[in-house]
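Below is one structure, written out as structure tokens; the observations come after it.
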Amino acid sequence: MRVENHSPSLSKLNPPEAGSGDPTAIGRRLSGIRRAPLPHVSAGSDGEAAAAGKIGAFLRKAVAAQSYGLMFANGKLFEATGDALEKRGQYGFSALQRLDGLSRRNLAAVEARLGALDSAERGLKERIMTGAWHFRHQSNAALDDGKTAAIASNHLLARESRSSGGNTFAGDKALLSNHDFVFFGVEFSGRGKQDKPLNHKHSTMDFGANAYVVPDTLPACRHGYLTLTDHFFNRVPGGREAEHQDFVGSFPQMGAETGRWIHEGKYRQNAPIFNYRDMKAAVALHLIEFLRDSKDAAFKAYVFDQAMQSGQALDRVLNSVFQAEFHIPRLMATTDYAKHPLRPMLLKEAVDSVNLPALSGLVSSKGDAVTAMWHAIDKGKDAVAAHLLGNWRFEAGDFASAPPGFYHELNYALSEHGASVYILDQFLSRGWAAVNAPFEHVNSGETMLDNAVKYGNREMAAALIKHGADRNLLSEWNGGKLDALLA
């Protein structure tokens, strides 16, 4: 994925209709906005700095409205709970008002359940609300250039046709439609961004070898929202599922209690969401609610003693009782970040994420390059294949058999569902694959043209015919379908 490194720009800005009187009208007409850190303004130009700050704040708010509009108007959950917005092409600031209303309602719900807090609980709430948080995005992709980190949402990447894959699935999009946000785990310790994160997993998942850490004071965070769990699968992993087994093992009763769904209302998947203003109070009050319900006296004593004094202890508590997830609208672009390698990256991960700098460091022999090419074939990664073709000399014999871990022969892999036509064309052009060679294992006797027809891949079928594929070799199931596919 390439890194965007430019100042905010508008590819299209339609002015509000004359006499509309709607201050949010311009926000609804914004489209094609890209954001990056504003250019540096010298200390002597205070007026310019103030103006630039106001423009940047407005653009962030306008973009955030589109992200929330997409979520609230299209997520089936919000329709079920009566919180949906009307679908439209562009969204005004009412989308942000919807977030604020939900946040207030969810905060009021836990406040009502708790009633008055005692002095120890008030102290704990104050401790959490005054603490400095950091947000952690884990990935295998190359998301920075050493000076600027630019992390885009799934929606933005797809719109610009530069996605290298991700962790947003059809179920997330259908239920929540929150794929125009960048997702982060939360570090509660108060340590600086330059300190290595204390947590390397989120809801039991390892999302990448590198962590990009930003402070909660970042302007891009101000229109974000927080959930106490993974927003889609809003269950806290408990006991043996928890990341920090040494900590959870010290409080077995607490470990048994943490594995739970956190939701408001009758729908189990209705994870409460909180805006930036309310998020710290929400975490504090939900922790107090958990403590009141807990039967683990030792854990409660630890919270009101050790966690009040130690940032690391507080982080262990909050990342065991919750798995908080923070969401920044559309794009997080900043120079105020730190990158932390958490573990060595695997070759497969570098290919899957199209991280060419990391791939170059991992491929030190022709054998490595061949394995990387098989991964590129398997995942349809054109950029990786082009990189390898430009840096290594291959022969047909290099691909005669698949490396360990790959289960399809070359011809089948090159024409499998989702395979890259570019990579197929490169292999056929170089004579590394025989266009009419029958499969020997899966669907024995069929050819690559059968796969192209079976999967309805017109572009692949045309490429195969260009390279001499014999339609007479098509199986009886596919023989009559080729002309219709090519029509």
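Placed from the backbone N, Cα and C atoms, the Cβ positions cover glycine too.
Straight from Swiss-Prot, the features:
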BINDING   H137, F183, F184, H202, F207, E325  nicotinamide binding site
BINDING   H137, Q138, S139, L143, A150, A152, N154, L157, N167, F183, H202, D230, E325  NAD(+) binding site
SITE      H137  site 'Important for catalytic activity'
BINDING   S139, L143, A152, N154, L157, G166, N167, T168, F183, F207, D230  ADP-D-ribose binding site
SITE      F183  site 'Important for catalytic activity'
SITE      F207  site 'Important for catalytic activity'
SITE      D230  site 'Important for catalytic activity'
ACT_SITE  E325  active site
REPEAT    368-398  repeat 'ANK 2'
**Item:** Near-site residues: nicotinamide, ref H137, F183, F184, H202, F207, E325, CB cutoff 8 A to centroid
**Value:** F135, R136, Q138, G185, F326
**Prompt:** Whole-number Å distance between the CA of H202 (nicotinamide binding site) and the CA of D230 (ADP-D-ribose binding site)?
**Reply:** 8
**Asked** Taking each of S139, A150, A152, N154, D230 in turn, which of these binding-site residues have a Cα lying within 10 angstroms of the Cα of E325 (nicotinamide binding site)?
**Response** D230
**Request:** Tell me the Cβ neighbour count for A152 (ADP-D-ribose binding site), meaning other Cβ atoms within 10 Å of its Cβ, over all protein chains shown.
**Result:** 25
**Request:** Quick one: average pLDDT across the repeat 'ANK 2' (368-398), no decimals.
**Result:** 98
**Message:** Of the binding-site residues H137, F183, F184, F207, D230, which one has its Cα closest to the Cα of N154 (NAD(+) binding site)?
**Reply:** F183
**Request:** Would you mind reading off the Cα separation of H137 (nicotinamide binding site) from D230 (ADP-D-ribose binding site), to the nearest angstrom?
**Result:** 13
**Asked** Which is it, of D230, E325: the one of these binding-site residues whose Cβ has the most other Cβ atoms within 10 Å?
**Response** E325
**Fill in**
Smallest Cα-Cα separation from L157 (ADP-D-ribose binding site) among the binding-site residues S139, A150, F183, F184, F207 is shown by A150
**Prompt:** Looking only at the repeat 'ANK 2' (368-398), what are its DSSP counts of helix, strand and coil residues?
**Reply:** 25 helix, 0 strand, 6 coil
**Message:** What does the structure give for the C-alpha distance between A150 (NAD(+) binding site) and F183 (nicotinamide binding site)? Integer Å is fine.
**Reply:** 13
**Fill in**
Ranked by how many other Cβ atoms lie within 10 Å of their Cβ, the binding-site residues A150, L157 are led by A150
**Asked** Nearest to S139 (NAD(+) binding site) by Cα distance: which of the binding-site residues A152, F183, F184, F207 is it?
**Response** F207
**Item:** Length of the line joining the Cα atoms of A152 (ADP-D-ribose binding site) and F207 (nicotinamide binding site), in Å
**Value:** 15
